[in-house]
Structures are given as C-alpha cells and as structure tokens.
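Taking it in order: structure first as structure tokens, then the write-up.
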Ligand SMILES: NC(=O)C1=CN([C@@H]2O[C@H](COP(=O)(O)OP(=O)(O)OC[C@H]3O[C@@H](n4cnc5c(N)ncnc54)[C@H](O)[C@@H]3O)[C@@H](O)[C@H]2O)C=CC1
Ligand SMILES: O=C(O)C1=N[C@H](C(=O)O)C[C@H](O)C1
C-alpha cells in the first residue's frame, strides 16, 4: 500500500526536507500540501521545487481534507496553526504526525483527547532525530544517579519557540527519575534577569540562539568532583527525516496519541 501524505508548511526549512523525503520514497505519495500565504495552486510553481513536484496546494485546511484522500497528515509549521491543522485532520479522520514544537500543555491535552476519543493515531514528536531521542533516554537514565542537572539547548536564530520542544521533553523525562528539589544556592539571586535560565521543577534550561547553528543540546549532570555531559548535535535537517518517515509508517498502525518518538522505536 502506498501511503498518501499531506504536508503543512512546505516552504519551511523542515517542510521542504519533508516534501523531498516523501516525494523520493516509493512507499509514499505526496497528495497535497497546505500553505497559508503567497500561494500558487501547484507546488511545481514554487521556486523551492521543480516541475516534477506536481502537487495541489490548499490554503484552507478544511478544503484540503474535504477534497483529497490522505492517510497521514504531517504538520511542520508554528504551534498556533499546527494546533488548528491537527484538530482539523483528526476531525476528518486523518492520522497525524506533528513535528511542530511550542504547544501549550492544554493544547497537547486537547489533541490527546481528540485522538483517543476518536481512536485515530496521532504522533507528536518534538524531535525526529534518533540520536536526539537516545540523548534524552540517556539523560533520563543518568537522572536516577545525578539529581543535579541543567540543560543547554542551542539552535539557529530563526527559531521562534524557547525553550525548544526537545529541551522540554528532556526535562519531563528527567523529572520521572530525578529526586525533585530546587537546585543552586538557597540565597542565589539574579542581577541580570534570566541569567539562571528557565526553571523546570527546580532544574534550569538555557536557550542559545545563534546563526550557524542547526539543533544542539547538552545535558549536564554535576556530582561530587565530577561532571557528566550528554550531548547531541544535528548538523543537517536530514537528521530528522528517518524519524519522520518512521512516524508516518507507524502512525498507520496506531489508534492512540503518542508524545515522543521514543515511544514508537
Ligand atoms: N520534530 C522535529 O524533529 C523538528 C521540529 N521542528 C519544528 O518544526 C517547526 C517548523 O520548523 P522550521 O521548518 O525550522 O521553521 P520555518 O520557519 O522554516 O517554517 C515554518 C513553516 O510554517 C509556515 N507557517 C508559518 N506561520 C504559519 C501559519 N500561521 N499558518 C500556516 N503555516 C504557517 C511557514 O510558511 C513555513 O512553511 C517548528 O515548530 C520547529 O520547532 C524543527 C526541526 C525538527
Ligand atoms: O526549530 C528547530 O530547528 C528544532 N526544533 C525542535 C525543537 O524545538 O526541539 C527539534 C530540533 O531541536 C530542531
């Protein structure tokens, strides 16, 4: 069976990679894309693609799902729009793979509810890279032994959300094993606001944004006389494509909501 895929965000950095990945995969067919401005009716007319990319472009997500039969919807946009798109997909009975980050806890809960009450698979993966998932799992393991940890995530300066979805997911996974406590000195105070980073359950998350970076994270664990550093680097967005392809294939077998690629590996 060829998997019919629709993608939202085809002109974005991730969206372009995803379009190429699906177009080049014999097991998949790109049946539609959703775009929201400067739209041409066909992807072949976009400067980012060529004449072989003959795929209809929709500017209404509802019209897309009413017009085109898709097996899987992929969202790679921004959280405000991605939330609306994914709800529309689930209402239309289309399984979804969402790479977009920055959702609020209540948005995630609502998507979980919609997916599970309708029995339609939905994977939300803050990071599709296998190496990044291993980095998160290793950090979760280390937290049982080293309860003092700080996360430093580093991304390109076009990134809109901070902290990254990966950093938040890492902190949530660490929290499952870490003895909860507030870190740092009792009397600690910031003379420059934000200097100690964001506080997640007493541990700190620091976000770096610089040109030249793609996606990088290190998780630091401090112990008596020692420091353990677990680090992952994505130097290229192709690092996300294996996990995206796997998610598209796996979601077809799912009738429930999955948050994190580690749950389907
Ligand atoms: N899960 C993963 O492994 C990864 C996730 N991401 C996430 O994917 C998302 C996209 O990242 P990039 O491609 O780097 O960003 P980008 O800025 O290059 O692309 C964003 C896309 O969203 C579209 N867009 C913006 N506002 C919109 C709206 N209101 N309605 C519909 N479409 C809209 C843009 O046209 C563009 O196609 C981000 O949330 C990012 O954090 C990025 C890399 C890996
Ligand atoms: O915006 C990005 O680039 C990335 N976003 C995801 C995140 O927020 O964790 C995944 C990866 O870090 C790249």
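Each residue's number is its place along the chain shown, starting with 1.
Just so it is clear, glycine is given a Cβ too, placed from its N, Cα and C backbone atoms.
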Quiz item: Considering the NAD(+) binding residues 9, 10, 11, 12, 13, 14, 99, 100, 101, 125, 126, 127, 128 given in TrEMBL, which of 26, 35, 148 is annotated for that site as well?
Solution: 35
Practice problem: Please classify the secondary structure at residue 155 (active site, proton donor/acceptor) using three-state DSSP. | Solution: strand
Exercise. Quick one: of the binding-site residues 37, 100, 125, flag those whose CB is under 6 Å from ligand 2, and say none if nothing qualifies.
Key: none
Exercise. Count, for each of the binding-site residues 127, 166, the other C-beta atoms lying within 10 angstroms of its own C-beta, and report the residue with the smallest count.
Key: 166
Exercise. Specify the nearest of the binding-site residues 35, 100, 127 to residue 159 (active site, proton donor), where nearness means the distance between Cα atoms.
Key: 100
Quiz prompt | Sparsest-packed of the listed binding-site residues (11, 13) - C-beta count within 10 angstroms | solution = 13
